[in-house]
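Let me begin by presenting the structure, written as structure tokens, before commenting on it.
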Amino acid sequence: MLAHPAEPGQKGDMNTPFRNHPLRPRRSLLSVPASNARALEKSSTLACDGIIFDLEDSVAPESKAAARGALTRHFADIDRASPVERIIRINSLSGSDGPADLEAVLACGPDAVLLPKVCEPQDVLAVADWFAEQGADDSPRLWAMIETPSAALNLAAIAEAGRTSGGRLDCLVVGLNDLRLATGIADVPGRPFLVPFLMQVVVAARASGLDVIDSVHNGFTDLGAFSAECEQGRQMGFDGKMLIHPAQIEPANRAYGVQDAAADEARAIVSAFARPENTGKGAVNLDGRMVERLHLDQAERLLAKVELIARKENRT
Ligand code: COA
Ligand code: MG
């Protein structure tokens, strides 16, 4: 069988190996309730990689319309040149708020829309079709919350919908609060009963070239426990974490950033392959260890991330 033309896991252009979309740091994605004026104002001053403006779970039903209005006014004033990614989480399209939220999205022009409680591919395809009908170009991108038992069963098909929705799906975001509520899985340190599910989400995302973001951690005053969970998520392969409080930004940026030692190692791999004697070699000896061209791809991606983070931090 012929490989899919944009097969994830095959080397794409230099900036996008293993992904369908350009590399963006997504270490820290802070959820900001659109109904909270102080939080909205404060969000513009924070060092997170992305802001998820929330119209869903954190906004009470009677405040939904006011939150949409506040968000539209907020977007009218934002600095469009800022490198911070802006995502709007809408309500379910089965109620009356979801469609009104989508109209607000058109007015706001965020980078992405986060779809709540995605259960099957159709939930993504329907929104992609709607944007196409509105004449939207590649923007906004779509992100999907993976937070229901049905999503857990349909993971591969949902991730694959990213290709068939004109490649508009960029990211899966795990939502453990809803999943725990729906299943009864206990909230215990180390998340032992959830690790198999979390790994399935990572693998499904990668199989379709998507980024993947770990769930919020509710205890925002215990930064030790939060950092441990970030480290666990990083080791599982997540790109970053969804956050609920500004205090969580710095530890998430640290855990999902690039350690100096890892950057040095990546530079050493790049220089090893650049040496004339290694031209055309698939594997080389680097200080007594084998490194292959796949490590070169990984090293180049890591260094591209270092550069993007440095560019962002020099600006803020
Ligand atoms: N975004 C932006 N600013 C936030 C914030 C957020 N998510 N959470 C807190 N802040 C701000 C507060 O406005 C306050 O600012 P100020 O001191 O400069 O006025 C400061 O951070 C300290 O806040 P604190 O008093 O520690 O928290 P709180 O008791 O006001 O709020 C929560 C605690 C959990 C209710 C609040 O953090 C929150 O609403 N988080 C997001 C919830 C959410 O989005 N849920 C949906 C996703 S699961
Ligand atoms: Mg939820």
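Yeah, the Cβs are placed from backbone N, Cα and C, and that goes for glycine too.
Under the heading substrate binding site, TrEMBL lists ARG89, GLU147. Within 10 Å of the C-beta of ARG89 (substrate binding site) there are 28 other C-beta atoms, taking all protein chains into account.
Under the three-state DSSP scheme, GLU147 (substrate binding site) falls in the coil class. Cβ neighbour count for GLU147 (substrate binding site): 23 (other Cβ atoms within 10 Å of its Cβ, all protein chains included). Marked as Mg(2+) binding site by TrEMBL: GLU147, ASP178.
Annotation comment: TrEMBL describes 27-246 as domain 'HpcH/HpaI aldolase/citrate lyase'. When averaged over the domain 'HpcH/HpaI aldolase/citrate lyase' (27-246), pLDDT in the model lands at 96.
Look at TrEMBL and you will find 1-26 tagged as region 'Disordered'.
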In sequence order, which residues at least six apart in the same chain have a CB under 8 Å from the CB of ASP178 (Mg(2+) binding site)?
ASP57, LYS117, MET145, GLU147, THR148
